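Input: a single structure, listed below in structure tokens.
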Amino acid sequence: MDIWILPVFLPCLVGAIDLYVPELPVIGMLDKDVILPCWFNPSDGFSLQNLSVFWKLPNQQQVYGFVLGQNQLDNQHPYFRNRTGLFHEELSKGNMSLLLQGIRPTDEGTYICFVNIHNSSIASLSLQVGASFSKPTLHLEPSEGLKPGDQVTVTCHTYNGYPEADIQWQNGEGKNMTENITTSQVANEEGLFHVQSSLSVILETSDTYSCLVYNPVLQEVTHASLTVTGQHLSFPPVALWVTIGLCFCLLCLLVALACVCRKQLKQTCEEEQAEAGNEEQEENGELKTAMQPLKVSSAGEDEDATYLE
């Protein structure tokens, strides 16, 4: 049995006795038992035969009754039947505390401790109910084919908590995110809450988003994180092999083109060299012809000589 008792008490100065109850709310865990403290310092000669104790709600519904040393449950509200009791062995010590079993969200509220010993005394306290939320789960939409600049929605789900949670979103640097957040909290038949919170962001290269769920009564924090990466440098297997094939074909084409160009260039150079050689031979032939000496035949010389005589 889990029992939550706060050690700070306030006396209620009404009538002949001083009743003491917690100043701060008593915290009860869902489905557990809780003790609502109420006590006084009995005087000498105190007898249970003179004691009447009632626990009631503000609307006067009876939670438990004890009259002149006997349980009096005829007027007990059915909601509390078989769920409440006093510590009878502690009554003679002035302990009027109420045991409330199987705590439910609907048990939350104000309880009044009424004690009568010749004179009446009344004190009230507050009960708060808490239920831990489940560990959050995160869902990303869309979840495939992401690249930086895309808008994505991260949704956080958590269940079966009480009371309503405080939801907070943080980025990878631990900074709170307050914009583009939508949160809904819906209670089921048992009064427990299902929380759904969505965060819309523009995707960066890589970032981490955390959903923090805070229970204000239990002062518990549960959280979950999700790292989202824009896959702009990643390829699916088929696209990768297609890209490799295209690159190989392009490389082969470049090699073939280089070979053709090299062959063409070589042929052009050979033709130019051959043409230059032919021109050089022609020039040499003409030069030899221009430099050749003139020859005079002997017959001509004789004729000239004869004529001179």
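Residue positions begin at 1 at the first shown residue.
Every residue, even glycine, has its Cβ placed from backbone N, Cα and C.
Per TrEMBL, signal peptide is recorded for 1-16.
Helix, strand and coil counts from DSSP across the domain 'Ig-like' (22-123) read 13 helix, 44 strand, 45 coil. Residues or ranges marked as domain 'Ig-like' in TrEMBL: 22-123 (among others).
Per TrEMBL, domain 'Ig-like' is recorded for 136-229 (among others).
Taken from TrEMBL, the feature transmembrane segment covers 238-260.
Annotated region 'Disordered' per TrEMBL: 271-309, in sequence order.
Residues annotated as compositional bias 'Acidic residues' in TrEMBL: 271-284 (among others).
Annotation comment: TrEMBL describes 300-309 (among others) as compositional bias 'Acidic residues'.
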Three-state composition of the domain 'Ig-like' (136-229), taking helix and strand from DSSP: 0 helix, 61 strand, 33 coil
